[in-house]
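Peer 1: Sharing a structure here in structure tokens format.
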Amino acid sequence: MTEWSRRTALLLPEGATGSRAQPAIRIFGRWARGPLLPVLRLWRRNIQLRVVVSTLLLSLAVVLVLGVVVIGQVRNGLLEAKRQTAISQADGGFAVAADRADRAITGADAGDGTPGRATDPGVWLTGMVEQLASGGQGVYSVVALPSQLSGQPFGGETAGGAPRGPRSSADIRPEESVPQDMREALDGDAGTHRRYGTIVRPDGSTQTALIVGRRLTDNHGNPYQLYYLFPFTQEEKSLALVKGTITTAGVFLVALLGAISWLVVRQAVTPVRMAARIAERLAAGRLQERMKVSGEDDIARLGESFNKMARSLQGKIHQLEELSRMQRRFVSDVSHELRTPLTTVRMAADVIHESKGDFDPMTARSAELLIDQLDRFEAMLAELLEISRFDAGAAALEAEPTDLRDSVRRVLEAAEPLAERKGTRLVVRGDERPVVAEVDPRRVERVLRNLVVNAIEHGEGHDVVVRLAAAPGEDGAVAVAVRDHGIGLGPGEAERVFNRFWRADPARARTTGGTGLGLSIALEDTRLHGGRLEAWGEPGRGAQFRLTLPRAANGPLRGSPIALEPSDAGTGGAAGAAGAAAGSGATALSARDDGRGPGHGSGRDTDSREEAGRGR
């Protein structure tokens, strides 16, 4: 199960696993992928969006961290200030209560309004709580609770008839507001105790407070517990105000940083986008396009450098176009101008060749060589004329339904004499069923003739296998592959295999050497059909050229019924799937590519048409 499947499985009901969960996972994946794809596509393509969103997220994280730290510091400061104030006020109240109890015990009524020893303890305790709470209205509450150390039962009445129980100065529930463990702690230790707790109101509402308590004695010397409860009402309001202020400031700060980053990135990205648009226009052939340059900063220098590059490219392209026009004009003129004198020479050579029986053996042999070289010269001239027609756009396709088996048979019959001289056996496979397509028979046979003779020339005496196949359906393609087991294609040769005038043997020490235009013409013939001409090869493992054509001329072409890499290619090296790196020697070049790149090439060309046709 993939990571995506594992994550989505967590969202399924319990038990919906295994095969039953897979459809739900797929449905959820399709549902989630639909709205996410446009967002992901926009995220990948828009650098400004990525920078702004990243800035917003980082700014939000920084603001959150700073907000948490600031709020924590403010909260701690408020609590500390509250604690110190509460302890100070509580200690003062404890001292007053202790002093009055001592005065009541030792001096009875002191004459200053303070209840004396004769006063009932319940009444004295109530008056003490009211006096202590009178100075802290709304700031704190005072609670007096009986101590378990007094030995008096909780509840009931005092000797004077006053109820025995808790006393409080505010509308609270004393017994629920003071924690039981704190009461027990005060009974065990006469010191001051502090604890954070919760004040419980009669209506059930609660409020956080700081509770400070101490065990004291009343006017009769009986122990009791006196508590000061300091609610955090004001502190909570102050903290809420700080939180609101920080939140508002953080939102505005993040929005401001996002706007600033958008403006800054826009200033940097706009020239880059302009450069990308102009580069696309330059690639489309609009060589006069230039970037607008303003200022002297890095972006301006980028624009100036880009414009210099564009001007240089424009000049080079114009120069190359002019050289290409001159080359095509030269080839066309030379091929046409040579036609007339060559015809005259051919007529004279034919006369001499017909009379060779009257000559001595040396002269007769010279007549034979003259005819051979004239045949080769005419083949070269025909190729030059064909190339000039392709360059001029004058090549026309004369398509008709053709069984490629017949074309292969004629090509192999013409190449049989050359194969016998090389010791090569020609093998045909896949010819059990018709392989019919709308093609120009003359051009297809020219392509196949070049491929077969190339395979014989470079096959080093090994078998040459010609394979035919047709894909099912009316839109299926037909293909012919020519496989040799010779020297193959070396590193770097794949890049030049279809180049014009390029030959695998630069020394030209071959029996069938030609101009190096054969594969270039084959490539143009293939493109004229809307097909593909592809090559695979490895050093020492041979090569395979595959011709793939649509059933209808210039119809849709979807794949090929024959694999480009032959099944007997082995596993060594970077073996040749389509698109393999040329540097590894495993190559796959297509003739269906747009542009003129491969179309100007003729890889392992042998100028084989006339040679194979004559059987020389």
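Every residue, even glycine, has its Cβ placed from backbone N, Cα and C.
What TrEMBL says about a protein is an automatic prediction, not a curated fact.
I grabbed these lines from TrEMBL:
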TRANSMEM  47-74  transmembrane segment
COMPBIAS  153-163  compositional bias 'Gly residues'
REGION    153-180  region 'Disordered'
COMPBIAS  170-180  compositional bias 'Basic and acidic residues'
DOMAIN    266-318  domain 'HAMP'
REGION    557-616  region 'Disordered'
COMPBIAS  577-590  compositional bias 'Low complexity'
COMPBIAS  591-616  compositional bias 'Basic and acidic residues'
Peer 1: Helix, strand, coil residue numbers for the compositional bias 'Basic and acidic residues' (170-180) per DSSP?
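Peer 2: When I sort the residues of the compositional bias 'Basic and acidic residues' (170-180) into the three classes, I find 5 helix, 0 strand, 6 coil.
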Peer 1: Which residue counts does DSSP give the domain 'HAMP' (266-318) for helix, strand and coil?
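Peer 2: For the domain 'HAMP' (266-318), the helix, strand and coil counts are 39 helix, 0 strand, 14 coil.
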Peer 1: Restricting to the domain 'HAMP' (266-318), what is the model's mean pLDDT?
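Peer 2: In the predicted model, the domain 'HAMP' (266-318) has a mean pLDDT of 84.
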